[in-house]
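Contents: one structure, followed by commentary.
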Amino acid sequence: MEIHTYEKEFFDLLKRISHYSEAVALMHWDSRTGAPKNGSEDRAESIGQLSTDIFNIQTSDRMKELIDVLYERFDDLSEDTKKAVELAKKEYEENKKIPEAEYKEYVILCSKAETAWEEAKGKSDFSLFSPYLEQLIEFNKRFITYWGYQEHPYDALLDLFEPGVTVKVLDQLFAELKEAIIPLVKQVTASGNKPDTSFITKAFPKEKQKELSLYFLQELGYDFDGGRLDETVHPFATTLNRGDVRVTTRYDEKDFRTAIFGTIHECGHAIYEQNIDEALSGTNLSDGASMGIHESQSLFYENFIGRNKHFWTPYYKKIQEASPVQFKDISLDDFVRAINESKPSFIRVEADELTYPLHIIIRYEIEKAIFSNEVSVEDLPSLWNQKYQDYLGITPQTDAEGILQDVHWAGGDFGYFPSYALGYMYAAQLKQKMLEDLPEFDALLERGEFHPIKQWLTEKVHIHGKRKKPLDIIKDATGEELNVRYLIDYLSNKYSNLYLL
(Lines of atoms letter the chains of each structure in order from A and count residues from 1; the text may use other names and numbers.)
(Lines give C-alpha, C1' and ligand atoms only; values in the text may rest on other atoms or scores of the structure.)
Protein backbone atom coordinates (compact mmCIF):
# COMPACT_ATOMS: atom_id res chain seq x y z
CA MET A 1 0.00 0.00 0.00
CA GLU A 2 1.11 3.55 -0.69
CA ILE A 3 2.18 5.62 2.32
CA HIS A 4 -0.66 8.12 1.77
CA THR A 5 -3.20 5.30 2.22
CA TYR A 6 -1.82 4.63 5.71
CA GLU A 7 -1.72 8.37 6.38
CA LYS A 8 -5.36 8.73 5.42
CA GLU A 9 -6.42 5.86 7.68
CA PHE A 10 -4.33 7.30 10.54
CA PHE A 11 -5.97 10.72 10.21
CA ASP A 12 -9.41 9.09 9.89
CA LEU A 13 -8.84 7.50 13.31
CA LEU A 14 -7.79 10.87 14.76
CA LYS A 15 -10.92 12.43 13.27
CA ARG A 16 -13.09 9.78 14.91
CA ILE A 17 -11.40 10.49 18.26
CA SER A 18 -12.14 14.21 17.81
CA HIS A 19 -15.85 13.43 17.22
CA TYR A 20 -16.08 11.40 20.43
CA SER A 21 -14.13 14.10 22.29
CA GLU A 22 -16.61 16.72 21.11
CA ALA A 23 -19.51 14.70 22.56
CA VAL A 24 -17.68 14.27 25.89
CA ALA A 25 -16.82 17.99 26.02
CA LEU A 26 -20.47 18.89 25.36
CA MET A 27 -21.64 16.66 28.23
CA HIS A 28 -19.01 18.11 30.57
CA TRP A 29 -20.08 21.64 29.61
CA ASP A 30 -23.74 20.72 30.11
CA SER A 31 -23.11 19.16 33.53
CA ARG A 32 -21.44 22.37 34.74
CA THR A 33 -23.93 24.86 33.28
CA GLY A 34 -27.22 23.66 34.71
CA ALA A 35 -27.86 20.07 33.64
CA PRO A 36 -30.43 18.32 35.89
CA LYS A 37 -28.76 16.85 38.98
CA ASN A 38 -30.87 13.68 38.78
CA GLY A 39 -29.22 12.80 35.48
CA SER A 40 -25.68 12.99 36.82
CA GLU A 41 -25.26 9.23 37.40
CA ASP A 42 -26.37 8.25 33.87
CA ARG A 43 -24.41 11.15 32.39
CA ALA A 44 -21.29 9.90 34.19
CA GLU A 45 -21.88 6.46 32.64
CA SER A 46 -22.23 8.00 29.16
CA ILE A 47 -19.06 10.05 29.59
CA GLY A 48 -17.30 6.92 30.85
CA GLN A 49 -18.39 4.87 27.83
CA LEU A 50 -17.42 7.50 25.25
CA SER A 51 -14.09 8.14 26.99
CA THR A 52 -13.45 4.39 26.93
CA ASP A 53 -14.21 4.34 23.21
CA ILE A 54 -11.63 7.10 22.69
CA PHE A 55 -9.16 5.15 24.83
CA ASN A 56 -9.81 2.00 22.79
CA ILE A 57 -9.11 3.77 19.49
CA GLN A 58 -5.93 5.35 20.87
CA THR A 59 -4.68 1.97 22.10
CA SER A 60 -6.03 -0.24 19.30
CA ASP A 61 -3.84 -2.73 17.45
CA ARG A 62 -4.62 -0.87 14.24
CA MET A 63 -3.42 2.44 15.70
CA LYS A 64 -0.18 0.71 16.71
CA GLU A 65 0.22 -0.81 13.22
CA LEU A 66 -0.34 2.57 11.54
CA ILE A 67 2.11 4.32 13.88
CA ASP A 68 4.74 1.63 13.17
CA VAL A 69 4.26 1.80 9.39
CA LEU A 70 4.42 5.61 9.38
CA TYR A 71 7.55 5.54 11.56
CA GLU A 72 9.22 3.28 9.00
CA ARG A 73 8.65 5.98 6.35
CA PHE A 74 9.08 8.89 8.77
CA ASP A 75 11.35 10.95 6.49
CA ASP A 76 8.69 10.87 3.73
CA LEU A 77 6.03 12.44 5.95
CA SER A 78 5.08 16.12 6.11
CA GLU A 79 6.14 18.03 9.23
CA ASP A 80 2.58 18.10 10.58
CA THR A 81 2.14 14.36 10.01
CA LYS A 82 5.43 13.68 11.81
CA LYS A 83 4.25 15.68 14.83
CA ALA A 84 0.84 13.96 14.82
CA VAL A 85 2.42 10.50 14.65
CA GLU A 86 4.89 11.33 17.45
CA LEU A 87 2.06 12.55 19.68
CA ALA A 88 -0.13 9.53 18.88
CA LYS A 89 2.80 7.23 19.76
CA LYS A 90 3.30 9.00 23.11
CA GLU A 91 -0.43 8.76 23.90
CA TYR A 92 -0.53 5.11 22.80
CA GLU A 93 2.37 4.19 25.07
CA GLU A 94 0.91 6.12 28.04
CA ASN A 95 -2.58 4.72 27.64
CA LYS A 96 -1.61 1.16 26.79
CA LYS A 97 -0.02 0.82 30.20
CA ILE A 98 -3.41 1.39 31.91
CA PRO A 99 -5.87 -1.57 31.83
CA GLU A 100 -9.03 -0.66 29.91
CA ALA A 101 -11.46 -1.58 32.70
CA GLU A 102 -9.43 0.45 35.18
CA TYR A 103 -9.46 3.48 32.89
CA LYS A 104 -13.25 3.32 32.48
CA GLU A 105 -13.69 2.97 36.25
CA TYR A 106 -11.47 6.02 36.74
CA VAL A 107 -13.39 8.21 34.25
CA ILE A 108 -16.69 7.33 35.93
CA LEU A 109 -15.15 8.06 39.34
CA CYS A 110 -14.01 11.51 38.13
CA SER A 111 -17.51 12.38 36.97
CA LYS A 112 -19.05 11.27 40.29
CA ALA A 113 -16.30 13.04 42.22
CA GLU A 114 -17.09 16.35 40.50
CA THR A 115 -20.72 16.05 41.60
CA ALA A 116 -19.63 15.18 45.16
CA TRP A 117 -17.16 18.08 45.18
CA GLU A 118 -19.89 20.52 44.16
CA GLU A 119 -22.09 19.36 47.05
CA ALA A 120 -19.16 19.35 49.50
CA LYS A 121 -18.15 22.85 48.48
CA GLY A 122 -21.74 24.08 48.81
CA LYS A 123 -21.96 22.63 52.34
CA SER A 124 -18.31 23.43 53.16
CA ASP A 125 -17.79 19.85 54.30
CA PHE A 126 -14.56 18.12 53.20
CA SER A 127 -15.79 14.75 54.53
CA LEU A 128 -18.37 14.57 51.70
CA PHE A 129 -15.55 14.70 49.13
CA SER A 130 -12.62 13.02 50.90
CA PRO A 131 -13.63 9.37 50.11
CA TYR A 132 -13.62 10.25 46.39
CA LEU A 133 -10.33 12.12 46.71
CA GLU A 134 -8.78 9.10 48.44
CA GLN A 135 -9.76 6.88 45.50
CA LEU A 136 -8.61 9.43 42.90
CA ILE A 137 -5.18 9.65 44.54
CA GLU A 138 -4.87 5.84 44.69
CA PHE A 139 -5.73 5.57 40.99
CA ASN A 140 -3.10 8.17 40.12
CA LYS A 141 -0.47 6.46 42.25
CA ARG A 142 -1.15 3.25 40.30
CA PHE A 143 -0.96 5.14 37.00
CA ILE A 144 2.44 6.52 38.03
CA THR A 145 3.73 2.98 38.60
CA TYR A 146 2.39 1.95 35.17
CA TRP A 147 4.03 4.90 33.41
CA GLY A 148 7.25 4.97 35.40
CA TYR A 149 9.42 8.00 36.13
CA GLN A 150 13.09 8.91 36.38
CA GLU A 151 13.52 11.08 39.48
CA HIS A 152 10.26 11.85 41.29
CA PRO A 153 6.86 10.08 41.07
CA TYR A 154 5.12 13.46 40.67
CA ASP A 155 7.13 14.03 37.44
CA ALA A 156 4.89 11.50 35.68
CA LEU A 157 1.82 13.67 36.38
CA LEU A 158 3.53 16.99 35.61
CA ASP A 159 4.49 15.65 32.17
CA LEU A 160 0.82 15.15 31.28
CA PHE A 161 0.23 18.91 31.50
CA GLU A 162 3.63 20.46 30.85
CA PRO A 163 5.90 18.15 28.80
CA GLY A 164 9.53 18.49 29.86
CA VAL A 165 8.83 20.10 33.24
CA THR A 166 9.92 18.20 36.37
CA VAL A 167 10.02 18.62 40.16
CA LYS A 168 13.69 19.56 39.80
CA VAL A 169 12.82 22.41 37.38
CA LEU A 170 9.86 23.64 39.44
CA ASP A 171 11.66 23.52 42.78
CA GLN A 172 14.26 25.91 41.37
CA LEU A 173 11.77 28.29 39.68
CA PHE A 174 9.42 28.37 42.66
CA ALA A 175 12.24 28.89 45.16
CA GLU A 176 13.29 32.00 43.21
CA LEU A 177 9.69 33.22 43.01
CA LYS A 178 9.04 32.67 46.72
CA GLU A 179 12.25 34.43 47.68
CA ALA A 180 11.16 37.54 45.75
CA ILE A 181 7.41 37.54 46.37
CA ILE A 182 6.93 36.66 50.05
CA PRO A 183 8.90 39.74 51.28
CA LEU A 184 7.13 41.94 48.70
CA VAL A 185 3.71 40.70 49.90
CA LYS A 186 4.72 41.58 53.48
CA GLN A 187 5.84 45.08 52.40
CA VAL A 188 2.60 45.69 50.49
CA THR A 189 0.50 44.39 53.40
CA ALA A 190 2.33 46.73 55.80
CA SER A 191 2.16 49.75 53.48
CA GLY A 192 0.14 52.76 54.60
CA ASN A 193 -0.56 53.74 50.96
CA LYS A 194 -3.46 51.39 50.34
CA PRO A 195 -6.12 52.07 47.68
CA ASP A 196 -9.70 52.82 48.67
CA THR A 197 -11.71 49.76 47.64
CA SER A 198 -14.91 50.52 49.57
CA PHE A 199 -16.84 51.14 46.33
CA ILE A 200 -15.91 47.71 44.90
CA THR A 201 -18.37 45.76 47.04
CA LYS A 202 -21.39 47.98 46.44
CA ALA A 203 -24.28 46.41 44.56
CA PHE A 204 -23.59 45.99 40.84
CA PRO A 205 -26.60 44.42 39.06
CA LYS A 206 -25.95 40.96 37.64
CA GLU A 207 -27.63 41.78 34.32
CA LYS A 208 -25.33 44.77 33.85
CA GLN A 209 -22.32 42.58 34.62
CA LYS A 210 -23.50 40.13 31.98
CA GLU A 211 -23.86 42.92 29.40
CA LEU A 212 -20.33 44.11 30.17
CA SER A 213 -18.93 40.57 29.99
CA LEU A 214 -20.46 40.10 26.54
CA TYR A 215 -19.21 43.54 25.47
CA PHE A 216 -15.60 42.94 26.55
CA LEU A 217 -15.51 39.51 24.89
CA GLN A 218 -16.58 41.14 21.62
CA GLU A 219 -14.10 44.03 21.94
CA LEU A 220 -11.14 41.76 22.71
CA GLY A 221 -11.71 39.67 19.59
CA TYR A 222 -13.70 36.64 20.78
CA ASP A 223 -15.77 35.33 17.86
CA PHE A 224 -19.40 34.91 18.95
CA ASP A 225 -20.23 33.08 15.72
CA GLY A 226 -18.00 30.38 17.17
CA GLY A 227 -18.90 30.59 20.85
CA ARG A 228 -21.23 31.66 23.66
CA LEU A 229 -21.17 32.86 27.27
CA ASP A 230 -22.86 30.96 30.11
CA GLU A 231 -22.94 31.00 33.90
CA THR A 232 -21.28 28.40 36.14
CA VAL A 233 -19.90 27.82 39.66
CA HIS A 234 -16.24 27.50 38.63
CA PRO A 235 -15.53 29.43 35.38
CA PHE A 236 -13.93 27.63 32.45
CA ALA A 237 -13.63 27.71 28.66
CA THR A 238 -14.19 24.57 26.61
CA THR A 239 -13.66 23.62 22.98
CA LEU A 240 -16.12 21.37 21.18
CA ASN A 241 -14.45 22.06 17.85
CA ARG A 242 -12.59 24.98 16.29
CA GLY A 243 -15.91 26.64 15.43
CA ASP A 244 -17.47 26.13 18.87
CA VAL A 245 -15.37 27.45 21.76
CA ARG A 246 -17.52 28.28 24.81
CA VAL A 247 -16.83 30.61 27.73
CA THR A 248 -18.39 30.59 31.20
CA THR A 249 -18.26 33.06 34.08
CA ARG A 250 -19.60 33.62 37.59
CA TYR A 251 -21.46 36.73 38.76
CA ASP A 252 -21.20 38.29 42.21
CA GLU A 253 -23.36 41.37 42.74
CA LYS A 254 -21.14 42.40 45.67
CA ASP A 255 -17.91 42.21 43.64
CA PHE A 256 -18.04 42.94 39.91
CA ARG A 257 -14.38 41.91 39.54
CA THR A 258 -15.29 38.22 39.77
CA ALA A 259 -17.25 38.30 36.51
CA ILE A 260 -15.33 40.98 34.59
CA PHE A 261 -11.84 39.61 35.15
CA GLY A 262 -13.03 36.01 35.11
CA THR A 263 -14.57 36.60 31.69
CA ILE A 264 -11.47 38.35 30.34
CA HIS A 265 -9.36 35.45 31.66
CA GLU A 266 -11.49 32.81 29.91
CA CYS A 267 -11.53 35.02 26.80
CA GLY A 268 -7.74 34.53 26.56
CA HIS A 269 -8.20 30.75 26.59
CA ALA A 270 -10.96 30.92 23.99
CA ILE A 271 -9.13 33.26 21.59
CA TYR A 272 -6.22 30.81 21.65
CA GLU A 273 -8.48 27.90 20.67
CA GLN A 274 -10.30 29.93 18.00
CA ASN A 275 -7.02 30.79 16.28
CA ILE A 276 -5.23 27.44 16.09
CA ASP A 277 -4.32 26.67 12.47
CA GLU A 278 -7.43 25.40 10.69
CA ALA A 279 -5.26 22.85 8.88
CA LEU A 280 -4.92 21.01 12.20
CA SER A 281 -8.69 20.62 12.79
CA GLY A 282 -9.74 17.07 13.57
CA THR A 283 -6.19 16.01 14.44
CA ASN A 284 -4.42 15.54 17.76
CA LEU A 285 -2.46 18.77 17.09
CA SER A 286 -5.57 20.98 17.21
CA ASP A 287 -5.15 21.88 20.87
CA GLY A 288 -3.10 24.14 23.10
CA ALA A 289 0.60 23.28 23.35
CA SER A 290 0.28 22.72 27.10
CA MET A 291 -1.76 23.85 30.07
CA GLY A 292 0.94 26.42 30.88
CA ILE A 293 0.91 27.93 27.40
CA HIS A 294 -2.89 28.01 27.60
CA GLU A 295 -2.69 29.77 30.94
CA SER A 296 -0.19 32.26 29.55
CA GLN A 297 -2.87 33.44 27.13
CA SER A 298 -5.63 33.78 29.74
CA LEU A 299 -3.30 35.57 32.18
CA PHE A 300 -1.98 37.82 29.42
CA TYR A 301 -5.52 39.00 28.68
CA GLU A 302 -6.63 39.21 32.30
CA ASN A 303 -3.56 40.94 33.75
CA PHE A 304 -1.45 42.58 31.06
CA ILE A 305 -4.53 43.90 29.26
CA GLY A 306 -7.45 43.82 31.72
CA ARG A 307 -5.66 45.29 34.75
CA ASN A 308 -3.70 47.84 32.73
CA LYS A 309 -4.64 51.51 33.22
CA HIS A 310 -4.34 52.11 29.47
CA PHE A 311 -7.06 49.51 28.83
CA TRP A 312 -9.47 51.31 31.14
CA THR A 313 -8.82 54.76 29.65
CA PRO A 314 -11.46 54.22 26.91
CA TYR A 315 -13.61 51.71 28.81
CA TYR A 316 -14.00 53.05 32.34
CA LYS A 317 -17.02 55.06 31.25
CA LYS A 318 -18.77 51.76 30.35
CA ILE A 319 -18.39 50.63 33.98
CA GLN A 320 -19.65 54.00 35.22
CA GLU A 321 -22.71 53.81 32.96
CA ALA A 322 -23.49 50.25 34.12
CA SER A 323 -23.49 51.17 37.84
CA PRO A 324 -23.61 55.00 38.02
CA VAL A 325 -24.15 55.45 41.77
CA GLN A 326 -21.30 53.08 42.60
CA PHE A 327 -18.70 54.85 40.42
CA LYS A 328 -20.04 58.44 40.37
CA ASP A 329 -17.22 60.01 42.39
CA ILE A 330 -14.46 57.50 41.58
CA SER A 331 -11.69 58.75 39.28
CA LEU A 332 -10.01 56.51 36.70
CA ASP A 333 -6.79 56.49 38.77
CA ASP A 334 -8.64 55.45 41.92
CA PHE A 335 -10.50 52.75 39.98
CA VAL A 336 -7.27 51.33 38.54
CA ARG A 337 -5.55 51.32 41.93
CA ALA A 338 -8.55 49.54 43.45
CA ILE A 339 -8.72 46.77 40.81
CA ASN A 340 -4.99 46.21 41.32
CA GLU A 341 -5.23 46.04 45.09
CA SER A 342 -3.04 43.37 46.64
CA LYS A 343 -3.89 41.68 49.89
CA PRO A 344 -3.67 38.08 51.05
CA SER A 345 -6.90 36.21 50.32
CA PHE A 346 -8.19 32.65 50.42
CA ILE A 347 -9.59 32.12 46.92
CA ARG A 348 -7.09 31.42 44.13
CA VAL A 349 -9.30 32.50 41.23
CA GLU A 350 -9.95 35.85 42.92
CA ALA A 351 -6.35 36.42 44.04
CA ASP A 352 -4.47 39.50 42.88
CA GLU A 353 -1.47 39.33 40.57
CA LEU A 354 1.10 39.55 43.35
CA THR A 355 -0.23 36.87 45.69
CA TYR A 356 -1.49 34.54 42.92
CA PRO A 357 1.82 32.67 42.45
CA LEU A 358 1.86 31.79 46.16
CA HIS A 359 -1.57 30.12 45.83
CA ILE A 360 -0.07 27.93 43.10
CA ILE A 361 3.13 27.15 44.99
CA ILE A 362 1.03 26.00 47.98
CA ARG A 363 -0.90 23.58 45.76
CA TYR A 364 2.30 22.37 44.11
CA GLU A 365 3.93 21.63 47.45
CA ILE A 366 0.82 19.79 48.70
CA GLU A 367 0.52 17.67 45.55
CA LYS A 368 4.23 16.88 45.71
CA ALA A 369 3.71 15.75 49.34
CA ILE A 370 0.70 13.59 48.35
CA PHE A 371 2.67 11.70 45.70
CA SER A 372 5.73 11.41 47.94
CA ASN A 373 3.46 9.66 50.48
CA GLU A 374 4.20 12.38 53.03
CA VAL A 375 0.60 13.33 53.87
CA SER A 376 -2.73 11.51 54.30
CA VAL A 377 -6.03 12.71 52.83
CA GLU A 378 -7.46 13.41 56.30
CA ASP A 379 -4.52 15.73 57.07
CA LEU A 380 -4.81 17.73 53.84
CA PRO A 381 -7.11 20.49 55.20
CA SER A 382 -4.74 21.24 58.09
CA LEU A 383 -1.66 21.17 55.82
CA TRP A 384 -3.45 23.53 53.41
CA ASN A 385 -4.36 25.93 56.21
CA GLN A 386 -0.84 25.87 57.65
CA LYS A 387 0.73 26.80 54.31
CA TYR A 388 -1.72 29.69 53.87
CA GLN A 389 -0.66 30.94 57.28
CA ASP A 390 3.06 30.53 56.50
CA TYR A 391 3.04 32.15 53.04
CA LEU A 392 0.14 34.61 53.13
CA GLY A 393 -0.36 35.19 56.85
CA ILE A 394 -4.01 34.08 56.80
CA THR A 395 -5.85 30.89 57.82
CA PRO A 396 -9.00 29.65 56.02
CA GLN A 397 -11.95 29.35 58.41
CA THR A 398 -13.99 26.89 56.31
CA ASP A 399 -13.33 24.03 53.89
CA ALA A 400 -15.08 25.96 51.10
CA GLU A 401 -12.62 28.84 51.31
CA GLY A 402 -9.78 26.38 51.85
CA ILE A 403 -9.18 22.96 50.40
CA LEU A 404 -12.54 22.62 48.57
CA GLN A 405 -12.29 25.77 46.47
CA ASP A 406 -10.88 24.19 43.27
CA VAL A 407 -12.50 21.57 41.03
CA HIS A 408 -9.18 20.21 39.71
CA TRP A 409 -8.67 17.27 42.07
CA ALA A 410 -12.28 16.17 41.56
CA GLY A 411 -11.52 15.88 37.84
CA GLY A 412 -8.34 13.93 38.56
CA ASP A 413 -6.14 16.81 37.42
CA PHE A 414 -3.16 16.29 39.71
CA GLY A 415 -0.11 18.03 38.28
CA TYR A 416 -2.18 20.78 36.63
CA PHE A 417 -1.71 23.60 39.17
CA PRO A 418 1.99 24.34 38.44
CA SER A 419 0.96 25.18 34.86
CA TYR A 420 -0.79 28.30 36.17
CA ALA A 421 2.47 29.69 37.59
CA LEU A 422 4.42 28.60 34.50
CA GLY A 423 1.77 30.31 32.38
CA TYR A 424 2.36 33.50 34.35
CA MET A 425 6.11 33.26 33.68
CA TYR A 426 5.48 32.55 29.99
CA ALA A 427 3.07 35.51 29.77
CA ALA A 428 5.55 37.95 31.36
CA GLN A 429 8.29 36.87 28.97
CA LEU A 430 5.96 37.14 25.94
CA LYS A 431 4.86 40.60 27.09
CA GLN A 432 8.48 41.77 27.30
CA LYS A 433 9.13 40.59 23.73
CA MET A 434 5.84 42.06 22.50
CA LEU A 435 6.88 45.50 23.83
CA GLU A 436 9.96 45.29 21.59
CA ASP A 437 7.88 44.36 18.54
CA LEU A 438 4.87 46.58 19.40
CA PRO A 439 6.28 49.58 21.30
CA GLU A 440 2.87 51.23 20.85
CA PHE A 441 1.25 48.53 23.07
CA ASP A 442 -0.12 51.03 25.62
CA ALA A 443 -1.39 53.34 22.87
CA LEU A 444 -3.21 50.42 21.24
CA LEU A 445 -4.99 49.70 24.53
CA GLU A 446 -5.99 53.36 24.87
CA ARG A 447 -7.53 53.26 21.40
CA GLY A 448 -9.26 49.92 22.01
CA GLU A 449 -7.29 48.39 19.12
CA PHE A 450 -6.61 44.80 20.10
CA HIS A 451 -6.12 43.26 16.68
CA PRO A 452 -2.32 43.84 16.45
CA ILE A 453 -1.90 42.30 19.92
CA LYS A 454 -4.09 39.32 19.04
CA GLN A 455 -2.27 38.96 15.70
CA TRP A 456 1.14 38.90 17.42
CA LEU A 457 -0.04 36.22 19.87
CA THR A 458 -1.63 34.21 17.06
CA GLU A 459 1.59 34.21 15.00
CA LYS A 460 3.86 33.43 17.96
CA VAL A 461 1.61 31.07 19.93
CA HIS A 462 -1.95 30.28 18.82
CA ILE A 463 -1.49 29.09 15.26
CA HIS A 464 0.99 26.36 16.21
CA GLY A 465 -1.46 24.32 18.29
CA LYS A 466 0.47 21.30 19.57
CA ARG A 467 3.07 21.44 16.80
CA LYS A 468 5.65 22.71 19.29
CA LYS A 469 6.52 21.89 22.90
CA PRO A 470 5.83 24.68 25.43
CA LEU A 471 9.43 25.64 26.13
CA ASP A 472 10.14 25.71 22.37
CA ILE A 473 7.22 28.09 21.80
CA ILE A 474 8.67 30.47 24.40
CA LYS A 475 12.20 30.22 23.03
CA ASP A 476 11.08 30.71 19.42
CA ALA A 477 8.79 33.62 20.33
CA THR A 478 11.19 35.48 22.63
CA GLY A 479 14.65 34.34 21.56
CA GLU A 480 15.60 32.95 24.97
CA GLU A 481 14.92 30.14 27.43
CA LEU A 482 12.25 30.53 30.12
CA ASN A 483 13.37 33.21 32.58
CA VAL A 484 11.44 33.84 35.82
CA ARG A 485 13.06 37.28 36.24
CA TYR A 486 10.59 38.89 33.80
CA LEU A 487 7.69 38.02 36.09
CA ILE A 488 9.56 39.03 39.25
CA ASP A 489 10.59 42.38 37.72
CA TYR A 490 7.05 43.06 36.45
CA LEU A 491 5.50 42.39 39.87
CA SER A 492 8.20 44.29 41.78
CA ASN A 493 7.92 47.38 39.56
CA LYS A 494 4.13 47.40 39.43
CA TYR A 495 3.48 46.95 43.15
CA SER A 496 6.34 49.18 44.29
CA ASN A 497 4.75 51.98 42.24
CA LEU A 498 1.15 51.23 43.25
CA TYR A 499 1.99 51.11 46.96
CA LEU A 500 4.77 53.75 46.88
CA LEU A 501 7.26 51.34 48.46
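Note that Cβ sites are derived from N, Cα and C of the backbone, with glycine treated the same way.
Predicted, not measured: the structure shown is a model, and the values here were computed from it.
Within E253, E278, E295, the residue that Swiss-Prot lists together with H265, H269 for binding Zn(2+) is E295. Segment annotation: Swiss-Prot labels motif 'GXXQDXHW' over residues 402-409 (candidates 50-57, 82-89, 402-409, 450-457). Annotated by Swiss-Prot as motif 'DXRXT', the relevant range among 244-248, 329-333, 384-388 is 244-248.
Checking the ranges 101-106, 347-352, 353-358 against Swiss-Prot, the motif 'I/NRXXA/SD' annotation falls on 347-352. Across 244-248, 265-269, 402-409, the stretch most heavily in contact with the motif 'I/NRXXA/SD' (347-352), judged by Cβ pairs under 8 Å, is 402-409. The motif 'DXRXT' (244-248) shares the most Cβ pairs under 8 Å with 265-269, out of the stretches 265-269, 294-297, 402-409.
Long-range neighbours of the motif 'HEXXH' (265-269) within the same chain, counting only residues 6 or more positions beyond its ends whose Cβ lies under 8 Å from a Cβ of the stretch, are 216-217, 220, 222, 235-237, 247-249, 294, 297-302, 306. Around H269 (Zn(2+) binding site), a 10 Å sphere centred on its CB holds 23 further CB atoms from the protein chains shown.
E266 (active site, proton donor/acceptor) has a Cβ environment of 26 other Cβ atoms inside 10 Å.
Apart from the site residues H265, H269, E295, the chain places the Cβ of A237, E266, G268, H294, Q297, S298, L299, Y301, E302, G423 no farther than 8 Å from the centroid of the site's Cβ atoms, the recorded Zn(2+) location.
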